[in-house]
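First comes the structure, then the notes that go with it.
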């Protein structure tokens, strides 16, 4: 700081800047309370109080000035912002405070590219062929086609049989029981007792269609193998199991559904979500009257002639999807992540924080709100990574990275049981050694696991 005689204004600016440079929060607060216009004042070299705090490594001063609304975009005579200064001098925590405040720049350690990935439950064997849902004649013909595949459900649990392989997560692999018309024709004869959903057609044309050339009229053969989900009641399900001892209904949903082959899991995710909607909305949500099923199981139509739901398009008439944000919260210095646990979790399991998006809320704001509600940690920059259908019963998990701008954890016991910052080394040990460690994370087929791995992969030298 120069010792040249200054004007009264220059003197107070100098004192303000000195208090920021020295980390004197009490003095800084006092000066600013009397002279709030000093917040963005610059010295002769173009430096602001924020720059001095960033240069000397005072995160509490930086946080205070940011909360007061100081301008982070000001550049000094060397064309540096406060963020540039913090990065140059190696103050990672401060650099991220400056970069991750809402509306700020992307944190310096995040990559610009996020590779698109397919998570478990998102792969499928089928083309949904939604244009066929209104073609009742086509659907009826496919129901009795000998090549058509039916997958059976009871209480939302799919009928499966054990497969012969094991995968890396050490769970026995199970496969869907793919039934044909002969297996289930008695159920189709009692439509009032079943739920039938058209799922789509196989993506690959199979030679087996040619085996039925004599059984199907030539004009009805289009080369498409249709799949349907068939929901039956528990009594019928028990009778079916007794006749097919090598099959069983997969239960409980978690973690049992994670044992399916990946493409079959995508089919189950679709079927289970629609069947869950069907079981929960048997009556019109608008007027309470009975409904009928149309569009291959994808629409409920009210039977009351003057019901408002019959005028226009209403989301109450179609299967619902519940958007959920799930986020890997990263410490401001980039070297730790925030994981939490709920009481219902297995002992020792920690995972990413998550929560439902509220009406009128963006993905980014939902991330910030949920993290603060559950852990007390404030979040700035949010970056989308990937999503995953989650049929429990019909959620869409929207996976994000979330950069914390505060570090103190204040757990809301009504939301979660516990939360901690975990170092990169701790998380790496868990991913490589599993449950041998003091804690563990969800299995690889859950998006939480993939978000954690994604964080580990970015800037591995941090």
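We count from 1, first residue shown onward.
Quick reminder: no glycine exception, Cβ is built from N, Cα and C everywhere.
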Site-mate of 318, 354, 355, 356, 370, 374 for substrate in Swiss-Prot, selected among 408, 415, 417, 425: 415
Rounded inter-Cα distance in Å - residue 185 (N6-succinyllysine), residue 307 (Zn(2+) binding site): 35
Candidates 318, 356: member of the binding-site residues with the richest Cβ shell (10 Å): 318
Cβ neighbours of residue 287 (Zn(2+) binding site) where a neighbour is any other Cβ within 10 Å: 15
Rounded mean pLDDT for the residues that make up the repeat 'ANK 2' (45-74): 92
Spatial neighbours of residue 292 (N6-succinyllysine), counting only the binding-site residues 302, 307, 370 and Cα distances within 10 Å: 302
For the repeat 'ANK 2' (45-74), residues assigned helix / strand / coil by DSSP: 16 helix, 0 strand, 14 coil
Sequence-remote partners of the motif 'Nudix box' (355-376) [C-beta within less than 8 Å, at least six residues beyond its ends]: 102, 322-325, 327, 329, 338, 340, 382, 384, 398, 400, 402, 404, 406, 408-412, 415-416, 419
From binding-site residues 284, 287, 302, 307, the one whose Cα lies nearest residue 354 (substrate binding site): 284
